[in-house]
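Sequence annotations record features per position, and here TrEMBL assigns domain 'DUF112' to B:20-438. According to TrEMBL, the feature transmembrane segment maps to B:20-49, B:109-135, B:147-163, B:170-189, B:195-216, B:316-335, B:355-378, B:390-408, B:414-443, B:464-488.
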Amino acid sequence: MTIIRYIRSALRMFGAAVSVVSDLRVNHLPSERELNRLGIKKADFQAIHLN
Amino acid sequence: MGAFDFLLQGLATAAEPMMLLYALIGVTLGTAVGVLPGIGPALTVALLLPVTYRLDAAGSLIMFAGIYYGGMYGGSTTSILLNTPGESASIITALEGNKMARKGRGGPALATAAIGSFIAGLIATLLLAFLAPWIVKVALVFGPREYFALMVLAFVTVSAAFGDSALRGLTSLFLGLALACVGIDQLTGQARLEFGVPVLLDGIEVTTMAVAMFAVGEALFIAGQRIHIDDELTAVKGSIWMSASDWARSWKPWLRGTFIGFPIGAMPAGGAEIGTFLSYATEKKLSKHPEEFGHGAIEGVAGPEAANNASAAGTLVPLLTLGLPTSATAAIMLAGFQQFGLQPGPLLFATNPTLVWGLIASLLIANFMLLVLNLPLIGLWVKLLTVPKPWLYAGILLFATLGTIGANPSTFELGMLLGFGVLGYGMRLFGYPIAPIVVGLILGPMAEQHLRRALSISQGDWGYLVQSPIAAVLLGIAALALIVPLILRARGKGEMLSQLAGDED
């Protein structure tokens, strides 16, 4: 069970990373849910100067 | 001879004074473009393609690889000191790095980024050196149908698999494939799509196309965006060196970041950014001080910086062993190989081992150079940001034009450069990825050649293409890469797959 949970957590993290990067590529702000999954606070992320 | 012996031979090549000079120029340029927001290694390598046309092949390729590595190093400086990532792969570095700088710990943040990049680059280059011969051995049994399947996989992953819109990615790809058909058919000698223009019989020059799309189009696009850096530079206070505690908290993230970034870099359309976000999330989960994340945790700089450098070496695995570009910079580097009449892939390891192993070994040397260049010269790199942007964009356009005219002195070539440059700008403006068009132009003729050879062998039987297990698996993966995102999009999860195909790093 622990292994399955670990794999699920890793896949969820991978999905969130893909989602965040995809949004950034089209100059969209990533969703709060996906950022939270990666342990990032939206306010902190918005403080970065993205061009 | 084993990989280690080849690597030693490569080191002897890469340590020649001229090669060292090429590597130094590459890493210096790479760091500079890494520091400057909006300008990436793909644009720089594209810009240098025509200039290096008549130079030494090994030296030029070593310089291109240096630019790629340098770009990954340089991006962290502005992330940490300005909270403005120089490269998309350094976005996550700004999150913790700038907080550290604001607390007066900019020195250790820059140091962990540079040393982490160095260690990751070193390990990833060794992984590349030891993995490459194994992949080459597998690839040597590939026939025309396996190569065709591999190219179909490359087309799909670069253009449609993670695209915001599969249609846009495929449109860009097919535009590239159509342009690849222009000129004389290599098998029959028949003229195709030349529209009565004799100059077009030679086909579309890949170098011109790459410069137009990545240098002219990108420069116009960035100039149009009006990037302003009005944030205050955070001064590096106190010691630049890391304390014992910083070392203890950094070494594990460096290693983990390397092993996350390397395979993701080697994955088609993976890019460097995914690895950095994954590394950050992993470090936060595993850290003994998770409460420090968001307030300047050194692990949040060490891991992602290692991941982005490891991904650069990862990208070179499919490029060198299979001739497959998995990112825009890799596609431009492939064009660089082709301008010297070289085709990356398993045969290159047999026919030109000095060049391949010299290139791999040069990455080790480039890493040392980058470590020396980055930490002591931070002040100089940051000063680059004061260069007025209009000068920079005008310089890029001038350099692109002069380079193209120098390599192919004709008004027609200049017209093509401007025409494709405007097309590239339009494509970026309307969200069409530009990597697939270049990949289509580069790999299109090879895919066509392999398909026609396979069909000649099978006497026109299309079923032959899926009768080999390797080809069938590769085509199956390509089909899944095309269909699964469509299903996910239909289920409303499409946003998570958008635009990765157009990875410009």
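Positions of Cβ are set from backbone N, Cα and C atoms, glycine also.
TrEMBL entries are annotated by machine, without manual review.
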Of B:109-135, B:316-335, B:414-443, B:464-488, whichever stretch has the most CB pairs under 8 A to the transmembrane segment (B:195-216): B:414-443
Contact call for the transmembrane segment (B:109-135) and the transmembrane segment (B:390-408): at least 3 Cβ pairs under 8 Å, seq gap 6+: no
Distant-in-sequence neighbours of the transmembrane segment (B:355-378), which means Cβ under 8 A and at least six residues beyond its ends: 6-7, 9-11, 13-15, 19-20, 23-24, 26-28, 31, 57-58, 61-62, 65-66, 69-70, 73-74, 77, 81, 110-111, 114-115, 117-118, 121-122, 125-126, 128-129, 132, 236, 240, 313, 316, 320, 342, 348-349
The transmembrane segment (B:390-408) vs the transmembrane segment (B:20-49): 3 or more CB pairs under 8 Å: yes
Contact check, the transmembrane segment (B:414-443) vs the transmembrane segment (B:170-189), 3+ Cβ pairs under 8 Å, seq sep 6+: yes
Stretch contact, the transmembrane segment (B:20-49) with the transmembrane segment (B:316-335), Cβ-Cβ under 8 Å, 3+ pairs: yes
The domain 'DUF112' (B:20-438) [mean pLDDT, rounded to integer]: 86
